Amino acid sequence: MLLWLTNFLSQHFHAFRVFNYLTFRSIVSALTALILVLSLSPRLIKYLVSLQVGQMVRNDGPQTHLKKSGTPTMGGVLIIVAIVISVLLWGDLSNRFIWVILLVTVAFSAIGWMDDYRKIIRKNSKGLSARSKYLLQSIIGALAAVYLYFSATTGAETALVIPFLKNVLPNLGLFYIVLAYFVIVGSSNAVNLTDGLDGLALMPTVMIGAALGVFAYTTGNHFFAQYLAIPYIPGAGEVVVFCSALVGAGLGFLWYNTYPAQVFMGDVGSLGLGAALGVTAVVVRQELVYFLMGGIFVAETLSVILQVGYFKLSGGKRIFRMAPLHHHFELKGWPEPKVIVRFWIITFILVLCGLATLKLR
């Protein structure tokens, strides 16, 4: 939004030309989101407390979680709002990728909000039914995948980038839609499953969001794309503004969400942020690298699938003490902060491995 104004002003005042630089707009996008979340979170926490919007804790979970009961939740609304405001202010609103990512993020957050609202405000412990939630996610994910496929202007936009291999870009054809759908929907639910401890999902989301921003910048820059032997996608660089806003908003919220958390982001935050990472990975053609960098999300999801499947097949036996995986380690005696920080460290290592694929080809 401000880009249009600064473009006009730069014709008369040279100082405004700095706003034309993607790197500058990305930095101020992150700072805008960070300041918004840091400054508004205390008021939001007080407001949520006054509404008695408190987290409900499972009785069959780790006993250390019982003290979390009543902690304000649904704070993820502020993360999403800060991201949207920041991107609308500093992003190029003529860029189709920006709009797809924004709309998917907001739509999945709306699903999370409906689920939180039913569970916490309406006191319906089940929230949205699994079928209703998955149906809504599927519709949005499929629409985004179909749009990205049919709006593609180059073959690179629908090709599969295989890590560590140079100039190997198999065109997916219609299978692109299937892959994009599963990445978006799967990512949303994986982050949601991981969001069970204070800051556990948020810091990995921030780290992966920053890494995807690097991929977006290099993919959208003809010189760097050619130098690194990765596909060049015109317009993908603008996604850095979104990734920067996500990083800023995430870090701002983590100030209050870190152990012991003063507020939780709820499904409204985790579903939206997970979808944001998924659709961003699709846009910059890094689905496989995202699978690597999001190894914690993958492990958490697989632990649930394996636990449920084995429980049904074995007649009541379990692989893990409890799923998702972070609860298994808690029940083994790991203090919550140790689980959180170790998962962060693993994600940091995986993100570095993901970034290394830019050069190791």
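Glycine is no exception: its Cβ is also placed from the backbone N, Cα and C atoms.
Values in this document were obtained by computation on a predicted structure and should not be read as measured data.
Taken straight from Swiss-Prot:
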type	residues	note
TRANSMEM	18-38	transmembrane segment
TRANSMEM	73-93	transmembrane segment
TRANSMEM	97-117	transmembrane segment
TRANSMEM	135-155	transmembrane segment
TRANSMEM	168-188	transmembrane segment
TRANSMEM	196-216	transmembrane segment
TRANSMEM	235-255	transmembrane segment
TRANSMEM	263-283	transmembrane segment
TRANSMEM	288-308	transmembrane segment
TRANSMEM	338-358	transmembrane segment
| task | Six or more residues out from either end of the transmembrane segment (235-255), which same-chain residues have a Cβ under 8 Å from its Cβ atoms? | result | 22-23, 25-27, 29-38, 41, 75-76, 78-80, 82-83, 86-87, 90-92, 95-98, 101-102, 199, 202-203, 205-206, 209-210, 212-213, 216-217, 219-221, 263, 265, 269, 273, 276, 280, 283-284
| note | Residues outside the transmembrane segment (288-308) whose C-beta sits under 8 Å from one of its C-beta atoms, at least 6 past its ends, are 160-163, 183, 186-187, 189-191, 193-194, 201, 204, 207-208, 211-212, 215, 274, 277-278, 281, 318-320, 323-326, 328, 343, 346-347, 350-351, 353-354, 357
| Most CB pairs under 8 Å with the transmembrane segment (97-117): which of 135-155, 196-216, 338-358? | 135-155
| field | Region pair the transmembrane segment (135-155) / the transmembrane segment (73-93), three or more CB pairs under 8 Å | value | no
| task | With Cβ distances under 8 Å as the criterion, find the stretch in 73-93, 168-188, 263-283, 338-358 that has the most pairs with the transmembrane segment (196-216). | result | 338-358
